[in-house]
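**Student:** What TrEMBL shows for this protein is this:
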type: ACT_SITE; residues: 158; note: active site, proton donor/acceptor
type: BINDING; residues: 10, 394; note: Mg(2+) binding site
type: BINDING; residues: 17, 218, 219, 220, 221, 222, 292, 293, 294, 340, 341, 342, 343, 344; note: ATP binding site
type: BINDING; residues: 101; note: substrate binding site
type: REGION; residues: 40-65; note: region 'Disordered'
type: SITE; residues: 190; note: site 'Transition state stabilizer'
type: SITE; residues: 251; note: site 'Transition state stabilizer'
Ligand code: AMP
C-alpha cells in the first residue's frame, strides 16, 4: 500500500505550525502549534487530533502542555510525540512526504522541490532576502531531516507562484547593475495562497484555470493582491519583501521611499528603527492603534474618526490595486477575496467594489452577508465580473504540491 500522509511544517522564528493530512483527499488527521521556541521560560504546545476539526472549532480531543523548548528540534520531537499518541507519527510508513513552507525561493525555485544538500545551500544563500524567515524554515527542514532522513522533504516556496511575473512588472526602475548585484526585484509572497485561491475560483466558475483571469486579494494580517492570467501570475503587490503594496495590519505597504531618508535625516532614526516602524507600527495599527479589522470596524461604527480614517486608507489602497490589475489583465473574469479579512469582513468587500459598476464589478449584499462558509459567489447574476469569497488553505496546497511531486 502506498503511503498517503503528508506532514506540513510551517516554521517561524519561535514557532512551529504543523498539520498532518491524508492525501489526495486532503483530510486533516491532526493539527498543532508549538510556540515560544528558544525563548526564556517554558514553551507551549497545542495539539488537535482529527474529529475535533483542524480549524480549532471542535473541542474535546485538544491537548495543551508547557515544556522546555530550547530549539526547533525539541519542538518537532514534541510534535512527533503528540502525533505518536494518536497512532500517527513522524516515522510512520504511512508518511509519504514532509512539506515545508519556505518563504523565499528567489528566482531559483519556481516549483516545489525535493530537499537535498544543494537545495539547502541555495535556501541558505537566499537568507539575505528573508533574514527572519528563511533561517527558521531551514531549521525546520534540518530538524525534520535529522529525525526522519528516509521520507522525502519537499520545500514549497511562497515566492514560486510569482516567478512567472514578467520583467516589466518585476523590475524596479533603479540602476540595473545595483539591482542585479543585490538581487533587487519584485518577488512577491503569499504565492501558495494566490495559487490555491485562483485555481479554486476557476473551479467555482466551472472553468479551467487556463481559461480565466482572476484578481486574488489575500487580506489577512499581511495582505497582498495578485493578477493571475490563465493560471499564471503576472503581477503582485508585495515586492522584494512583504512590506510593499496594500495597507496591512501593522505594515505600511507602499510609501514614498524618501520617507526613509526623511526620517533618517530629520528624526535621526536608525535603519533598524525605521524598519520596525514600517513593519510593526504602521498599517491599520499605525493609523488607529488597532490592527484587527473587527476592532477597526467596531470603533468606526461607534463614531471613532481615527478608525474611520484607517478603514478609508485601507480601502483606498485596495481599490487602487484592483483598478491597476484590471488594467494589467485587460479582461477580468473574477475577483476573489481570501484570508482573515477577505473571508470575514463583509464591510471591506462592499467598500472595495462600491461604485465600480463601470468595471463590471458589483456585490449582492444578501450573498455578501449570508452566513455561509466555503467558496462562494457574492456578485449578482448580471455582473460581468464574478466576485467570490474563497477561503484559503495554504497547508492543503503545500500537501497537494508535495504529494504530487513525490508521486510524479
Ligand atoms: P490571517 O492573517 O489571514 O489569519 O488574518 C487575520 C486577520 O483577519 C485579523 O487580524 C483580523 O483583522 C481579520 N479578521 C479575522 N476575523 C475577522 C472578522 N470576523 N471580521 C473582520 N476581520 C476579521
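Just so it is clear, glycine is given a Cβ too, placed from its N, Cα and C backbone atoms.
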**Student:** Can you go through the recorded positions 10, 17, 101, 190, 294, 394 and pick out those with a C-beta less than 6 angstroms from ligand 1?
**Tutor:** 294
**Student:** Among the recorded positions 17, 101, 251, 294, which residue has the fewest other Cβ atoms within 10 Å of its own Cβ?
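**Tutor:** Each of the recorded positions 17, 101, 251, 294 was scored; lowest Cβ tally within 10 Å is 294.
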**Student:** Given the recorded positions 10, 101, 158, 190, 251, 394, which lie close to residue 221 (ATP binding site), meaning Cα to Cα within 10 A?
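**Tutor:** Of everything listed, what lies within 10 Å of residue 221 (ATP binding site) (Cα to Cα) is 251.
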**Student:** For residue 190 (site 'Transition state stabilizer'), which of the listed recorded positions (10, 158, 292, 341, 394) have their CA atom within 10 A of its CA?
**Tutor:** 158, 394
**Student:** Let's check the environment of residue 219 (ATP binding site): how many other CB atoms sit within 10 Å of its CB?
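**Tutor:** Residue 219 (ATP binding site): 27 neighbouring Cβ atoms within 10 Å.
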**Student:** Max Cα distance spanning 17, 218, 219, 220, 221, 222, 292, 293, 294, 340, 341, 342, 343, 344 (ATP binders), Å?
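**Tutor:** In whole numbers, the farthest two Cα atoms are 24 Å apart.
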**Student:** Most Cβ neighbours within 10 Å: which of the binding-site residues 10, 221 is it?
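**Tutor:** That would be 10, with the highest Cβ count within 10 Å.
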**Student:** What is the interatomic distance between the Cα atoms of residue 343 (ATP binding site) and residue 394 (Mg(2+) binding site), given in whole Å?
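**Tutor:** A Cα-Cα distance of 14 Å.
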**Student:** Counting across all protein chains present, how many other Cβ atoms fall within 10 Å of the Cβ of residue 190 (site 'Transition state stabilizer')?
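**Tutor:** Within a 10 Å radius of the Cβ of residue 190 (site 'Transition state stabilizer') lie 29 other Cβ atoms.
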